[in-house]
Amino acid sequence: MAAKIIDGKTIAQQVKDEVAARVTQRLAAGKRAPGLAVVLVGENPASQIYVSSKRKVCEEVGFISRSYDLPATTTESELLTLIDQLNADQAIDGILVQLPLPEGIDNTKVIERIAPSKDVDGFHPYNVGRLCQRAPLLRACTPRGIVTLLERYNIDTFGLNAVVVGASNIVGRPMSLELLLAGCTTTVTHRFTKNLRHHIENADLLVVAVGKPGFIPGEWIKPGAIVLDVGINRLESGKVVGDVEFETAQERASYISPVPGGVGPMTVATLIQNTLQACEEYHDHAE
């Protein structure tokens with residue numbers, strides 16, 4: 001029996017429509033539109049694509065979008081000064097600094113300089129700590145987007161054995177905290193994990209984020225499992241595939257997210273959700 005496809009494109013559009021409707025209500029009530037500042041340092045082609053999609057969605061939902069395209073020669077102190085200015089700017093609710101940053105700029109220092117109430121990527125240690133303490137404020141976009149997918153498909157996560165493959169700060173680690181919060185018994189696997197297959201064969205819910213095409217063979221998937229594939233890998237042929245071998249996995253899983261069109265669209269939709277949340281929960285009352 002083929003798995004049900006988790007259609008991230010459709011759910012992401014629903015989320016964007018909900019945010020756009022809320023922006024319209026705000027403007028009708030005499031309030032300002034939420035504002036997002038997107039900072040890009042250097043000319044990494046992949047980063048440029050991500051940034052342009054984020055800016056486009058901002059315009060779609062009626063946000064104020066500000067772009068800061070800085071040369072690769074920008075110093076760390078120049079970038080930190082810009083962040084200080086944006087932290088103080090009352091028209092800006094969210095600050096997004098596109099990673100990776102050029103050599104010589106400390107990612108951690110930059111992330112920690114963003115005011116936690118404007119950290120719409122959800123990477124600041126304060127926001128990660130709040131999630132860890134079961135009192136989340138702004139949450140990392142991809143994990144929160146995955147939780148939204150599970151909720152919209154009415155998938156009951158309580159009591160499931162969840163396995164997260166990949167332990168990055170951006171996806172794997174916050175994802176494990178989100179799944180704990182969602183009532184799962186959660187295992188995080190990484191490059192030092194022994195017998196990865198054993199963990200995956202026992203996973204009721206599997207989230208894979210390693211950035212290696214077809215890294216998880218489809219026959220490892222437990223029958224009836226829910227599979228969320230975060231990987232976006234472009235093959236030499238130009239085809240885009242995930243980290244899970246889709247064709248075989250689809251025959252075994254009960255739900256599976258495709259690549260493209262699964263988790264990917266949810267990341268940007270969640271960024272927009274986070275920016276609206278930052279505006280309404282943290283900044284409206286300060287004005």
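Each Cβ is built from the backbone N, Cα and C atoms, and glycine gets one as well.
So that you can see what the record holds, here are the features copied from Swiss-Prot:
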type    : residues               : note
BINDING : G166, A167, S168, I232 : NADP(+) binding site
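Applying an 8 A CB threshold to same-chain residues 6+ apart, the list for S168 (NADP(+) binding site) reads A209.
Residues G166, A167, S168, I232, recorded as contacting NADP(+), have a largest CA-CA distance of 16 Å. Annotation for I232 (NADP(+) binding site): spatial neighbours G211, V240, G242, V259, P260, G264, criterion Cβ-Cβ under 8 Å with sequence separation of six or more. Of the listed binding-site residues G166, A167, the Cβ environment within 10 Å is emptiest of other Cβ atoms at A167.
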